[in-house]
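Trainee: Sharing a structure with you now.
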Amino acid sequence: MQSSLSLQSSSPISTRSSHTFDFPSVSAKPLNLNVNLRFCGLRKEALSFSVNSRRVQLPCRRVPSSISAALSTNGSSPKTFDYDLLIIGAGVGGHGAALHAVEKGLKTAIIEGDVMGGTCVNRGCVPSKALLAVSGRMRELQNEQHLKSFGIQVGAANYDRQGVADHASNLASKIRGNLTNSLKALGVDILTGFGTILGPQKVQFGKDNIVTAKDIIIATGSVPFVPRGIEVDGKTVITSDHALKLESVPDWIAIVGSGYIGLEFSDVYTALGSEVTFIEALDQLMPGFDPEVSKLAQRILINPRKIDYHTGVFATKITPAKDGKPVTIELTDAKTKEHKDTLEVDAALIATGRAPYTQGLGLESINVVTQRGFVPVDDRMRVIDANGKLVPNLYCIGDANGKMMLAHAASAQGISVVEQVTGRDHVLNHLSIPAACFTHPEISMVGLTEPQAREKAEKEGFPVSVAKTSFKANSKALAENEAEGIAKLIYRPDNGEILGVHIFGLHAADLIHEASNAIAMGTPIQDLKLAVHAHPTLSEVLDELYKAAKVNVQVSSPVKEPVAV
Ligand SMILES: Cc1cc2nc3c(=O)[nH]c(=O)nc-3n(C[C@H](O)[C@H](O)[C@H](O)COP(=O)(O)OP(=O)(O)OC[C@H]3O[C@@H](n4cnc5c(N)ncnc54)[C@H](O)[C@@H]3O)c2cc1C
Ligand SMILES: NC(=O)c1ccc[n+]([C@@H]2O[C@H](COP(=O)([O-])OP(=O)(O)OC[C@H]3O[C@@H](n4cnc5c(N)ncnc54)[C@H](O)[C@@H]3O)[C@@H](O)[C@H]2O)c1
């Protein structure tokens with residue numbers, strides 16, 4: 001059985017020191033742990049420890065800067081710091097940054113004003129995927145024809161609403177616990193209270209606690225955006241925060257907005273028996289996706305289901321149900337601005353985007369003016385002040401900067417910042433960050449859509465080509481009787497660069513990573529054509545895609561001598 005050990009440092013470690021701990025172990029025998037810290041160069045230390053006399057030596061690492069840091073960027077900067085890195089907001093962005101900071105040897109603290117884990121864990125990715133796991137199973141069990149095609153017969157599928165809701169909330173608590181424990185185990189100090197920036201490198205949290213840090217990351221996230229005129233009562237007119245609790249499954253629900261949240265919830269509600277009406281301001285549903293993919297997705301995710309829609313209209317006034325009257329929704333034509341229709345439904349979910357949560361952060365104390373609430377940053381997430389100058393030692397990651405409102409983007413931005421503050425310049429390529437919508441089947445994408453790629457190509461003067469493959473030719477998808485889907489590759493035929501990949505089909509969210517990693521590593525298609533995929537797997541959809549591309553250059557990497565095995 002393995003024992004895990006955690007080294008917590010709440011005071012700066014800067015000199016040679018040795019500590020011996022006795023602590024109960026998971027094995028029958030108590031462990032005797034002897035820890036040695038040894039200076040081995042400028043602001044570096046080597047950690048060695050012995051467990052029951054067996055010695056383990058870890059390599060030289062950067063040590064916290066608490067003693068040495070004395071910045072002189074501004075008269076009011078502190079001379080010494082409580083921490084190397086202070087993160088405001090313990091969502092996935094803050095968590096990712098903190099873990100990487102510890103790995104880099106930074107003394108790190110994280111301030112959280114509400115529950116640990118932020119949006120993703122408590123009110124976003126995690127509970128929504130729990131609900132989608134249920135909707136996937138319900139869909140399968142309700143699809144008699146699909147089951148029959150395998151020779152399977154089952155009785156009528158049903159569900160217990162509270163049981164489904166509990167699955168989502170239990171999963172959120174579990175992952176919140178894991179996230180909190182991982183920070184504690186690595187020695188990240190968790191400071192509880194609302195954080196406000198008082199000046200350079202100085203933050204107040206809670207009522208009157210002040211803490212200083214060499215570098216500060218703002219990671220305060222976002223909240224649901226509710227347009228003016230819409231009254232949310234939390235019961236019949238709701239946001240995703242309420243919907244994830246699944247307190248009811250309305251017979252008829254209007255979903256305002258057909259982006260990620262709207263689409264995922266349409267999958268959940270229709271699987272659980274609701275009828276859905278989409279209200280979308282733009283002229284087509286799913287306007288954020290590649291147009292060809294959204295067209296196919298509409299054929300499969302919308303048309304055969306109990307969903308109707310109004311496009312090109314704004315929901316300008318929504319009044320909750322009251323005194324036996326239904327929810328009323330006034331629709332206004334997006335172009336003429338004239339009243340178009342009034343709908344009466346049982347409930348309305350407002351999924352019209354998210355607003356950054358940056359109020360009360362004290363940005364004015366450092367001359368930073370937000371843009372529609374978002375903190376302005378450069379491509380290294382360095383905060384830009386009202387005069388267009390970089391604010392020293394201040395960064396903003398995740399939803400609060402609005403670059404890309406995705407959990408893994410927030411975390412990747414945090415890691416990028418930590419790389420920079422520990423001496424390695426790093427710019428994150430946002431075009432390599434994948435995204436996925438977890439409907440049944442899933443939609444995933446990375447890089448540019450076809451219209452975006454064509455616009456860029458015209459401006460910069462390079463050729464663009466498109467290759468496509470269908471899941472219908474994939475043995476694994478056929479075996480699963482789920483061959484409805486496409487993959488689309490947008491690329492430069494002159495050099496083999498991938499500009500974008502879009503997938504709609506079974507497990508699209510998992511499949512996209514091969515393409516996103518290729519973009520991140522700069523691997524051209526002519527090299528990818530030679531990569532081998534196991535048969536029969538869904539990954540062969542991408543193999544086919546690369547092979548279908550017509551690139552005008554040969555293999556770019558040197559051909560290695562074959563190695564005998
Ligand atoms: C329904 C839904 C489903 C989603 N599904 C996905 C998905 O499947 N995949 C995906 O990639 N993304 C998904 N997202 C988006 C994802 O949740 C966000 O992009 C992500 O949570 C952003 O992380 P963050 O760290 O920037 O902010 P948050 O997660 O919002 O965390 C910010 C934290 O900061 C705290 N805070 C704010 N101000 C202060 C302050 N002044 N002092 C102290 N603490 C403060 C907040 O309490 C919060 O805990 C989903 C979002 C929603 C709403
Ligand atoms: N699977 C995922 O990764 C996932 C899941 C959910 C949410 N998210 C993230 O959360 C963020 C918010 O999601 P979202 O779906 O709320 O936003 P979104 O920006 O994806 O979609 C909002 C939609 O609402 C429409 N709209 C806005 N105002 C309207 C109005 N008054 N009337 C009618 N239509 C209106 C917009 O045209 C748009 O299509 C997204 O940026 C997304 O990145 C990600």
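Placed from the backbone N, Cα and C atoms, the Cβ positions cover glycine too.
Just so you know, TrEMBL annotations are computer predictions that nobody has curated.
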Trainee: With G257, S258, G259, Y260, I261, G262, L263, E264, G353 listed by TrEMBL as binding NAD(+), identify the candidate in E275, E280, E338, E364 belonging to that site.
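Mentor: Record source TrEMBL; matching candidate: E280.
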Trainee: So of all those binding-site residues, G259, L263, E280, which one's Cα sits nearest to H535 (active site, proton acceptor)?
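Mentor: Of the binding-site residues G259, L263, E280, L263 has its Cα closest to that of H535 (active site, proton acceptor).
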Trainee: How many other Cβ atoms are found within 10 Å of the Cβ atom of M405 (FAD binding site), counting all protein chains shown?
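Mentor: I get 20 for this one.
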Trainee: Between the two most separated Cα atoms in G257, S258, G259, Y260, I261, G262, L263, E264, E280, G353, the residues recorded as binding NAD(+), what distance in Å do you get?
Mentor: 15
Trainee: Average the per-residue pLDDT over the domain 'FAD/NAD(P)-binding' (83-414) and send me the rounded value.
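Mentor: Average per-residue pLDDT within the domain 'FAD/NAD(P)-binding' (83-414): 97.
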Trainee: I'd like the Cβ neighbour count for T220 (FAD binding site), meaning other Cβ atoms within 10 Å of its Cβ, all protein chains included.
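Mentor: A 10 Å sphere around the Cβ of T220 (FAD binding site) contains 32 other Cβ atoms.
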Trainee: Over the span of the domain 'Pyridine nucleotide-disulphide oxidoreductase dimerisation' (433-544), count residues by DSSP class, listing helix, strand and coil in order.
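Mentor: Per-class counts: 42 helix, 29 strand, 41 coil.
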